[in-house]
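S.K.: Below are the structure tokens for one structure; questions will follow.
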Amino acid sequence: MSAAAAMPAAEAAGADEERVFVTLMLADQLCGIPVLAVRDVLAARNITRIPLAPAEIAGSLNLRGRIVTAIDLRRRLGLPPPPEAASRMAVVTEQGGELYALLVDQVSEVLSLAARDFEHNPPTLPMLWASHSAGIYRLPGRLMVVLDVGRILALTAAQ
Amino acid sequence: MDDLLVDFLTETNESLAELDVALVRLERTPDDQPTLSLIFRLVHTIKGTCGFLSLPRLERVAHAAENVLGRLRDGDLAATSAIVSAVLAALDRIKEIMAGLAEAGAEPAGADDALIAALDAAAAGRETTASSRDTDLPLAEPPPLAEPLLAEAATPAPREGADAVVAGQTIRVGVDVLEDLMTLVSELVLTRNQLLQLARNEQNSPFTVPLQRLSHITTDLQEGVMKTRMQPIGNAWNKLPRLVRDLGHELGKKIDLVMHGAETELDRQVLELIKDPLTHMVRNSADHGLEGSEERRAAGKPETGRITLNAYHEGGHIIIEIADDGRGLSIERIRAKAQALGLASEVELAAMSEGQIQRFIFHAGFSTAAAVTAVSGRGVGMDVVKTNIERIGGTIDLKSTQGAGTIFTIKIPLTLAIVAALIVEAGGERFAIPQISVVELVRAGLAGEAASDQPVIERINETPVLRLRDRLLPLVNLRELLGLGAAAGVAREFYIVIAQVGSSLIGVIVDRVFDTEEIVVKPVAPILRHITMFSGNTILGDGSVIMILDPNGVARASGSAGNGESRKPLPATAETMTSATRTAMLLFRVGEGTPKAVPLGLIARLEDIPRERIETSSGQAVMQYRGRLMPLIPFAGATLAGESQAVLVFSDGTRFMGLMVDEIVDVMDEVLRIELGTETAGLLGSAVIGGRATDVIDTDYWLRLAYQDWFRAGHDPHPGALAPHLLLVEDSEFFRQLLVPVLVAAGYRVSAVESAAQALRLRAAGTRVDAIISDIVMPDMDGRAFARAIREDGAWRGLPLIAFSGRAEPADIAASRQAGFTEHIAKSERDKLLATLRDQLAPVGVESGVDAASGVAP
């Protein structure tokens, strides 16, 4: 479920083609994940730390009997850790039959966005962001970064 | 009833059901070749099996039916409904006889002549079928035909019932269905555990009783489903008789294979996983274990060797023994090999029990077979067998008596899906340790504080060990191993889980120990698979996820992670690779100063000799050693008092020299990073060993105090920038590890690279070397091609070039010389390599000197 692969198709389909995103906040930056890639949204609680795991891996949690590996998106994107007390949310996504939970600060509304508002990554985007972003949407008053779930997970797997 | 017969009935009933359907299909589409072939094959199988089991009635009927089908298949006959009916009648008869069989265990009496005649007529009736339907008339109408034919059967047995009995005994279910069931049951077990946990927290809950029942039912269900996955171990053995027979021929040995307990059942997943290791071990026993007929006769044994397989259940595990009555393991050979491979020093070996020495065969790269035969020694060693068995949570052990044979004992869990595990806590996190590897739990105190009967933690140079009854066990602190931070405050008591890892024990210090729980092992996410410390993860009764520790991984990690913080990042260039190899260093103490160290590989023996054995000969301390006089050199500052004297014995093969020190402290594996630049004679420099600054001694200096010509070429006692620079080209990491310390210790600067291409890049980069040592067999560019490339042109054209190869037949040596090598030396001859290097790098004009030591040694 790579958003990068799907994106040019959306462009070709016309400026009015709409895509639906689950939006979320990461250190004050609005991000979006294609709604079809999202299996679940839950409060990030009871995460078991996994010793010796890569830093990006926050741990694992139990989602109705299945074990889900939690990935700290802030760390993945080189952002500072969240304030101590902040409660976090998790967006669950699936890859290769395995479930992964992406830890984010806040999950907000689901947005339907038109392809005409889509932009490719500006070349000046920091490396970590550029490699995990499939593009940018211009929203009234702010920008939304489309997270490339495939690449976020693939990069982790490569380590 | 005979098992064979039951199997036959079950199988045939299945075939018959299939046949009914297929025949009907054939009737509709007479030209359907695949269906015809299928029918023919099924009937043929039935006939064949009947003959085998001597069921003459069945065989005759099946044979007649097969004839008809054969002609149909060949296109000689068309599948008219008359013919199909005849065949169906034959099938009905077969079913009838089978029903009788199922009931009485023998074929019921009765005549089938009319049926067979009808079938034969059908088979022969190619010409008649078209023109005269008269012949076929009785067959054309099935009902009237069936009546008289049925009447023939003397005992028209209660067909329905008997059919049901046989057919109902087994059904075939796809493995995936069973796997799904197993997964569901696993989930059910988890949910049950969660419920029980909740109920435990509530007093007098109305749910308690029904929950108990649910719990029991779940357990029964779990066992039931587990049973469906069980297969007799015989399934993994059935290829072995043939294998052993073929091996016997190939090796010219007479071998008997005896199998006991083939019906012992275990989980099919486990079965699949042990198939290969088992096969390999039987192969090993036949090849290495058993002697040839001649040798056996000479040893007074029966000519025919015997391999015995035995399987039985023992408390949730299955035990498999593979025994042979062959020559047994040669302790001497293993000892020599272990020493040659640097797995243990002679001193360590001398202290080991036979059992411990025998277990060396499970080490990687260990094969005592003098020659690699076509049968075994092909790279799949006992270490692979061991790894595979340990991977499924099993253990392997062996017992061998020289001359009487070897017994391998494998212990594996019955199933992998659900295991009992001990839940422990370390650093605030909980972990599961599979119960199979937990030997016992102990609470230990610190030395000097513990109660008299309590196990005690002691320290050897900062390394904690556990003294448990009469054994010393290595200890690892789970908290530290997993990087969970140090404990707050100093603990006075420790919970230690004694875990079995292979044949040895290891103590794992944990913070707390909870209950044992049945856990469902789930594989970890792919992105975590590289952490070998965990074998999986699971969900506990309270719903939390915990990691399952792999004791093997823990042992492996602790073995190499002892001094994690002092390890520095590995330098990237080939030039400095020497620094990254770990060397076993012997630590000793002289006087009050810094501890001293010397590479263990250089030491021949460690001796503790009574003071009175030290004599003086022409002003030099000597002692009688192995029939000769060995000069004893006191290390500068050594006390030389007390009843006995610790001596490090060095040897070059013929001569010995003893270095007297105050105390031998420890042996440590350490990255040898010597900081040169000391002014003190007899010291190379200092290095951090075991977290402490340690002086590394200049062996050469001390050796030459005893014999001026110990190293005949004689080089600078402070090998700094002037030391000869060697280039080692060797693709095997093992040999690089083995050789680099030896060369470094001999005073050379060494660059080790793993391929000829890398070496040539160094040449292109203008690296200056004084001699090159190269392996022959390497991927891509082999040693000889490399030698030719060196000799062709470039700065290294005139350098001494030494081939260091696993093979040193005359032909190999000739080929190496041809390619431009100066010398060809077998890998086993390390001393010869050093001698050759000394010769080759000797300053021009200095030939090997006179044996100056002859004056000392008588």
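Positions of Cβ are set from backbone N, Cα and C atoms, glycine also.
What TrEMBL records for this protein is below:
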DOMAIN    B:1-101  domain 'HPt'
MOD_RES   B:His44  phosphohistidine
DOMAIN    B:176-416  domain 'Histidine kinase'
DOMAIN    B:418-560  domain 'CheW-like'
DOMAIN    B:725-842  domain 'Response regulatory'
MOD_RES   B:Asp775  4-aspartylphosphate
S.K.: Take the Cβ of the residue listed as '4-aspartylphosphate' and count every other Cβ within 10 Å, whichever protein chain it belongs to.
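M.R.: Step by step: centre on the Cβ of the residue listed as '4-aspartylphosphate', count other Cβ atoms within 10 Å, giving 24.
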S.K.: Distance check, please: Cα of B:His44 (phosphohistidine) against Cα of the residue listed as '4-aspartylphosphate', rounded to an integer number of angstrom.
M.R.: 60
S.K.: State the mean pLDDT for the domain 'Response regulatory' (B:725-842).
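M.R.: Across the residues of the domain 'Response regulatory' (B:725-842) the model's pLDDT averages 82 on the 0 to 100 scale.
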S.K.: Counting by DSSP, what is the helix, strand and coil composition of the domain 'CheW-like' (B:418-560)?
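M.R.: Result for the domain 'CheW-like' (B:418-560), in helix, strand, coil order: 20 helix, 79 strand, 44 coil.
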S.K.: What are the DSSP helix, strand and coil residue counts for the domain 'HPt' (B:1-101)?
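M.R.: Its residues divide into 87 helix, 0 strand, 14 coil.
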